[in-house]
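S.K.: Per TrEMBL, the features are:
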- 2-341: domain 'SPX' (DOMAIN)
- 160-201: region 'Disordered' (REGION)
- 391-412: transmembrane segment (TRANSMEM)
- 432-455: transmembrane segment (TRANSMEM)
- 480-501: transmembrane segment (TRANSMEM)
- 513-534: transmembrane segment (TRANSMEM)
- 598-789: domain 'EXS' (DOMAIN)
- 660-679: transmembrane segment (TRANSMEM)
- 708-729: transmembrane segment (TRANSMEM)
Amino acid sequence: MVKFTKQFEGQLVPEWKEAFVDYWQLKKDLKKINFLNNNGSTNDVDNTKNESSFSCTLISSLRKLPLFGPQRREHGVIQVHRKLGQTLSKGDLYETELLEQFADTEAAAEFFALLDLQLNKVNQFFRTKEKEFVERGECLKKQMEILIELKAALIKLQHDKGTSSGQNTKEDESISGTISCDEESNKDRTEQEQDIDNSIDQVIIDSPRSSELENSTNIKREDNKSKSLSERVINCQGKSLKIHIPLTNPTRTFSTITYLLRDDIISQSSKKCGPDGRKRLHINRTKLKHAEKMIRGAFIELYKGLGYLKTYRNLNMLAFVKILKKFDKVTNKQVLPIYLRVVESSYFNSSDKALKLADDVEEIFIKHFAEDDKKKAMKYLKPTQKKESHAVTFFIGVFTGCFLAFFVGYVIMAHITGLYRPKSDTIYMETVYPVLSMFSLMFLHFFLYGCNIFMWRKTRVNYSFIFELAQTKELKYRDVYLICTTSMTAVVGVLFLHLTFVAKGYSYNQIQAIPGILLLVFIMLLVCPLNIIYKSSRYRFICVIRNIIFSPMYKVVMLDFFMADQLCSQVPMLRNLEYVACYYITGSYKNQDYGYCMRTKYYRDLAYAISFLPYYWRAMQCARRWFDEGHKSHLVNLGKYVSAMLAAGAKVAYEKEKNLGWLCLVIVMSSAATLYQLYWDFVKDWGLLQCHSKNPWLRNELMLRRKFIYYFSMGLNLALRLAWLQTVLHYNFGSVDYRVTGLLLAALEVIRRGQWNFYRLENEHLNNAGKFRAVKTVPLPFHEVDEQD
């Protein structure tokens with residue numbers, strides 16, 4: 001049977017961990033009481049044995065008298081006083097008074113003081129979160145009413161247009177018509193519009209990964225800078241309905257810039273009335289679909305948050321029951337029934353607002369987003385995670401064994417043929433080895449990502465929430481391992497077969513297409529439209545790469561800049577990919593002219609550009625985040641990538657003209673960039689090197705129990721950051737080819753990035769937990785304001 005401590009820790013909401021009952025500290029206080037009880041009874045047993053027996057007999061006799069019996073039943077062992085809090089948000093406060101002498105009154109008083117503190121904390125947090133969710137729910141209901149009205153108006157306008165033309169027209173992207181807004185309806189909705197204004201100011205946020213609602217004032221001020229870029233205004237008798245669609249992709253960005261240029265024309269035309277004195281209404285179908293999608297996502301997140309709140313209530317209630325049972329067992333008192341009545345009647349257990357709101361959300365979602373199909377609605381509201389299959393584990397073992405067998409055979413064959421020696425087969429090392437190097441770096445990185453997932457799950461880092469991954473579609477670490485082992489088995493198996501043909505004397509004209517076909521098969525699998533081989537994850541990866549390439553046109557979320565950081569460690573892989581693509585696309589493989597691409601000016605320029613591109617993309621993401629959020633720290637982070645670009649440029653120039661001047665410049669620029677990057681790694685990304693922390697030179701909150709791992713990781717990160725020294729020293733391992741040395745150094749950088757990933761998300765998770773954000777705040781599309789605003 002699983003102990004409650006492990007059950008409690010395994011089921012609690014990670015981001016709300018600090019708001020749960022501190023069950024571990026309460027257990028420590030109970031152990032202290034138990035220890036004092038045992039010590040006291042051992043020391044005094046000889047002196048007070050007769051006195052104790054006499055006292056017990058006397059007390060038991062007195063309890064039988066009517067005078068003492070009812071009084072004891074009335075007051076009990078303790079009495080919990082309830083008093084009003086200083087503010088309404090804090091609610092009622094509870095304080096326990098000891099009515100009966102305990103073995104160690106001071107320790108018992110400390111225990112109940114902590115217990116009262118935990119109860120008050122739970123009630124206050126539950127009240128705050130419940131209020132937040134209820135306000136969000138009311139706002140969403142009003143947004144839903146607006147959406148229903150606009151959809152009905154759009155259908156009516158489309159019907160009128162089709163009737164007037166006398167034929168069934170296709171759905172237009174934008175339909176214009178009239179909508180009546182009489183004074184009576186405006187008067188009836190005055191209070192409602194004011195409520196929407198008050199609540200929308202808190203939730204109209206550009207970024208879905210925005211902070212808590214109490215920061216809404218700053219967010220509103222920042223959003224005002226780009227209101228004209230991201231909102232459309234529909235005028236109606238002095239009132240404006242703004243449709244607010246965040247600028248998350250280039251299409252919306254360009255369209256809003258175009259709108260800004262013709263803002264005056266549209267604003268004048270939108271104010272014109274029809275012949276009957278009614279306002280002209282311009283409804284854009286695409287924007288209405290975006291608005292509906294945003295509202296649907298907001299309902300899903302709200303329902304998820306209400307589910308977390310229900311879990312919060314149940315787990316805390318169970319924790320109070322368990323700890324009170326333990327207290328009764330240790331002290332032989334009957335405290336549980338008395339204190340439990342107080343807990344059951346407290347706000348967090350008695351309030352039913354969240355439960356009613358969850359039912360309302362479920363009903364609305366079923367009606368408007370699931371076509372009255374409850375089963376379909378529950379797939380979105382309560383997605384069930386797919387069960388992990390034992391077949392996945394089995395095939396991981398099978399393909400791991402196959403990979404090792406092929407790899408050993410490949411190494412033996414390469415040693416026999418002497419391919420990896422300095423004076424080796426140049427054609428093979430220039431054409432086939434880049435393919436092996438490219439796949440090795442790629443899947444090593446992917447394998448380390450699987451290790452990261454395993455450690456994040458073990459330490460309860462909520463990476464799914466941070467990356468905004470769908471729970472039903474995200475890759476588990478076993479899936480990642482299966483992809484890696486299967487892919488590398490195929491790669492090494494094909495290249496082992498190719499090397500066997502080389503050893504048997506086949507000409508390169510006959511077999512040189514094999515590595516190219518291998519690469520083409522992987523590309524086709526990546527873009528395959530069929531619903532096979534993790535289609536959702538493949539397409540999500542393609543979308544993320546698209547967002548990175550077109551930075552800063554796309555809005556930056558955590559997954560985008562996390563992946564862009566991975567590309568900064570994969571520059572050698574990108575350069576190998578470029579060379580292999582040039583080699584096969586230009587047809588150089590037919591005559592083994594592997595030097596053609598190196599002689600082409602465009603290729604050399606592109607090779608230099610690839611050395612800069614990952615850092616450029618990351619810098620543009622920092623610029624976009626600064627534009628959206630206004631935090632100067634993003635500009636400082638941008639400077640880190642600019643320094644890396646300058647260091648990369650110095651290295652490229654040194655490789656072209658190896659003289660003392662460029663060497664000195666490489667040393668200076670690389671040293672400055674390394675110091676910049678180390679500071680950002682340790683202090684900003686990992687949150688370490690805190691001199692005032694309770695953990696020396698670490699941070700206060702740590703996910704790993706053994707602190708030496710953090711110190712070891714910092715030392716390893718420092719050593720691997722200095723890999724650029726090989727550019728200066730040109731050190732080779734014995735008689736190994738320089739290309740193999742380059743692959744080893746590139747692999748070390750990938751390993752450094754793998755350990756960086758774990759600490760980066762650990763720090764992000766702890767920051768999220770400090771802000772008590774367990775669900776993302778989805779921006780809402782509709783905003784009603786006065787025309788003067």
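Cβ from N, Cα, C; glycine included.
Caution: TrEMBL annotation is automatic and unverified by curators.
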S.K.: For the transmembrane segment (432-455), which partner among 391-412, 513-534, 660-679 gives the most CB pairs under 8 Å?
M.R.: 513-534
S.K.: Other than its close neighbours in sequence, what residues sit by the transmembrane segment (513-534), given a CB gap under 8 Å and a spacing of at least six beyond its ends?
M.R.: 431-432, 435, 439, 475, 479, 483, 487, 490-491, 494-495, 497-498, 501, 541-542, 580, 583-584, 589
S.K.: So what's near the transmembrane segment (660-679) in sequence-distant terms, Cβ-Cβ under 8 Å and 6+ beyond its ends?
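M.R.: Same-chain contacts beyond the flanks: 639-640, 643-644, 646-647, 649-651, 653-654, 717-718, 721-722, 724, 727-728.
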S.K.: Over the domain 'SPX' (2-341), work out the mean pLDDT and round it to an integer.
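M.R.: Per the prediction, mean pLDDT sits at 67 for the domain 'SPX' (2-341).
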